[in-house]
Amino acid sequence: TNFQLHIYFRCLTSIACTVIMSAGQVILMDITDGRAKTIVTTLSELFWGIGLILLPGISIFFDSWSYLYVAISASVLILIFVHRWIADSPRWLLSCDKLDQALEQLLNSATLNHRSIPLDLEEKLAHQAKHLQQEATCAPRYWSIWDKSTERQYICCVHVAWVGAIILHNVTLLMIRTMGTEYIHVNTVCLGLSEVLGIFIGLYLILYTRRRWLWCGQLLTLAGAVTYLIWTVPNTLKPSRRVGFEMIFWMFLKFATAVTFAVLATCTGEIVSSEKRPTLMYSVVTHSRFWLIFGPSIAVTIQFHNLIPITVLASLAVITGVLLCFLNRAFWNMEKPRVAKVLTPKTYRRNSSAELLRRSSLGTKSEFYDNSLTISISDLWLVNSQFETITEQEDAAAPKEKYERERENEKQISEEHL
């Protein structure tokens, strides 16, 4: 039938899009590093929100869902014309022993980015290719992530958190139909805007906070708890106004979900060693996608009340948020230094004078410091406590020194009499 054929082609399109997205993420992570890799990985989720915003605009020109699906799927045809300008992964080229193509790509990148290159680049690439081929033969197996190098409770926790986040991320969009199909265009745009804002906030938590698991967990828990208040919206309001009030709760939940998903997608690999990160990501994504199959069954609860689906999603958000807070016990962003308390001028004068006095009295050599007259703010805060500790030690040692001095004086007096 037409419906079966339609489902068949939709499955093929979904498989192709998944392969394209996975390949794109691998390439982006391979050609970037450090802070740029974090930003690229997080902002790659931004296009999901942009797509939600553009979707109602596309649907204006099509009354049939079949034509709308065709219009959405046809957009990927653009990749056929631009694929020649899409860079391959240099690491993948080396693993396939394509040294010339990898060298050509790196030379092109160095030219465009005005970077210097080593004169023995080709020899280094050959050595890297051999190293990658050796790694492929001894790649960590799936069960290596459960070898207790990272506690299993945290591995289980991140798997369950991914299930909750992926269901919230996808099913929330499906459930807005419970507020009426006549408002679905506006509601979809609102969720898209919430998604975009949440991704930027998630990027901020990743780059500029130490306890990102705690912050996104608390935010998701708060969003789930606040969403329960959707039951307080009176049914006596006009339908459009009632939908508007209910949409506020949906947007807050979608915003918190986007923050959580951004942190999970970027930081999950950090809970294991670098060689196990691809295995862990494969495990959590596969596990969460499997349970996503049962996510749309939440729509069955609409037969009892139209607010039951959002209540189920809110409960799932609370559970996921608690699990993320649990991850904060062991995993912090240690690359982000703790912000030191600002010194007052009085404290600066007292502690800096004490530190200068200590260095001069000990005869400290300047080669032990980058600059003998500089000190970090955090170390300067510790000067006073260190000075007090030294003073206490000197006071404790004073009676003993006094006793020894008296013994020496008595010994000298006795020798003089003799």
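Note that Cβ sites are derived from N, Cα and C of the backbone, with glycine treated the same way.
A quick note: this is a predicted structure, and the numbers were derived from the prediction, not measured.
Here's what TrEMBL has on this protein:
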- 397-418: compositional bias 'Basic and acidic residues' (COMPBIAS)
- 393-418: region 'Disordered' (REGION)
- 6-28: transmembrane segment (TRANSMEM)
- 40-61: transmembrane segment (TRANSMEM)
- 67-86: transmembrane segment (TRANSMEM)
- 183-206: transmembrane segment (TRANSMEM)
- 213-231: transmembrane segment (TRANSMEM)
- 247-267: transmembrane segment (TRANSMEM)
- 279-302: transmembrane segment (TRANSMEM)
- 308-328: transmembrane segment (TRANSMEM)
The transmembrane segment (247-267) touching the transmembrane segment (279-302) per 3+ Cβ pairs under 8 Å rule: no
Distal contacts, the transmembrane segment (247-267) - CB-CB under 8 A, six or more residues away: 38, 41-42, 45, 49, 158, 161-162, 165-166, 168-169, 172, 176, 179, 187, 190-191, 193-199, 201-203, 205-206, 212-213, 216-217, 219-220, 222-224, 226-227, 229-230, 310, 313-314, 317, 320-321, 324, 331
Contact call for the transmembrane segment (67-86) and the transmembrane segment (6-28): at least 3 Cβ pairs under 8 Å, seq gap 6+: yes
Tertiary contacts of the transmembrane segment (40-61) (same chain, 6+ residues out, Cβ under 8 Å): 24-25, 28-29, 32, 68, 71-72, 173, 184-186, 188-189, 191-196, 199, 202-203, 206, 258, 261-262, 265-266
